[in-house]
C-alpha cells in the first residue's frame, strides 16, 4: 500500500524477521513449538496452584499472576507472527497495531512490577519470617497484585498515546515482527523527542525503579542468609530465591536493552525482542517447575489421582 506525504497511514507492513521462505518456515515451526509449550506450561502452573491447597500461599498467588501475564503477553504477539510467517501480505491495520501495542505494554509492565512484588515477598519471608503471616495477608497480596496490573495499564496508556499521537504519513514498513514503540517511532513524520522522553520516563518507572527495588531486597536477603548459622537454612533460603533471580535476569536484562539503552541495529533489536517476547514466557514456568519442590510435589499428586499406573515416570 503506497502512502503519500499527505495521507495518514491506515495500516502497517510488518517486515518480520526474515524474507527468506525457507527461514520463515523454520521460524514458524520454532515459534509454534515455543508457543504451545508456553501455553501448556503456564496453564499447568496456574492449574496446579488452584487445585493444590498447599500452594495457596502469597508466593504462588503472585506466581499465578505472573503466569497469567506471561500467557497473555505471548498470545498477544505469537499468533499474529505465525500468521505472517505463512502469509505473503504481512499487513496489520492501524487499529489492530494500536491494540497489540497497548496489550503488549500492559502485560509487559505488569510483569515488571510483579517481579518486584515477588522479591518483596521473599524478603519478608526470609528476613522477617515470624511476622510474615501478619504482613503478607491476603488483603495485602490482593492490593499488591492489583497495583501491579494497574501500573502496567498506566504505563501502557501513556506509552501508546505518545507513540500513536504522532503523524505517520511516510513509509508504513515496520522493520519488526510486531508493533513495538521504538520501531514505530522511526516511521513518524515529525520530531519524536517528546515521545521518546515520555517513553524513557515510563521506562524508568516500570523498569529501573522495580529492578532497583529487587536489587535492594536481595542485598538484604543475602545479608540475612549469610548470618544464618544453619547450612541447611542457608541452602533452603537460596533455593527459594534462585528461580526468581533467573527470571528477573532473563526478563529485565532484555527489556532494559530495548527501552533504556541507546539505539542499536534493527537486527539486534529484533533479536532481543524475540528473546523477551517469545522465549522468556516459555522459560518462566519451566524454571519455576523444575527448580521448585512444591510444584513438583503438586504435579506428582495430580498424576497420582489421574494416572496412578504411570506415577513411576515422575520419580
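Quick reminder: no glycine exception, Cβ is built from N, Cα and C everywhere.
The domain 'G-protein coupled receptors family 1 profile' feature in TrEMBL is assigned to 41-288.
Residues or ranges marked as transmembrane segment by TrEMBL: 26-48 (among others).
Here the transmembrane segment (60-79) has long-range neighbours at 31, 34-35, 38-39, 42-43, 45-46, 49-50, 100, 103-104, 107-108, 110-111, 114-115, 117-118, 121, 141, 144-145, 148-149, 152, 177-178, 277-278, 280-282, 284-285, 288, 294, meaning same-chain residues at least 6 beyond its ends whose C-beta is under 8 angstroms from one of its own. Feature annotation from TrEMBL assigns transmembrane segment to 60-79 (among others).
Annotation source TrEMBL lists transmembrane segment at 99-120 (among others).
Among the features that TrEMBL reports, transmembrane segment is placed at 140-158 (among others). Taking Cβ pairs closer than 8 Å, the transmembrane segment (140-158) reaches residues 58, 61-62, 65, 69, 102-114, 117, 120, 198, 202, 205-206 in its own chain, all 6 or more past its ends.
The annotation transmembrane segment is assigned in TrEMBL to 197-216 (among others).
The feature transmembrane segment is assigned by TrEMBL to 237-259 (among others).
Beyond the ends of the transmembrane segment (271-290), by six or more residues, the same chain brings 17, 31, 34-35, 37-38, 41-42, 44-45, 63, 66-67, 70-71, 73-74, 77-78, 104, 176-178, 180, 243, 246-247, 250-251, 254-255, 257-258, 296, 299 to within a C-beta distance below 8 angstroms of the stretch. If you look up TrEMBL, you'll see 271-290 (among others) marked as transmembrane segment.
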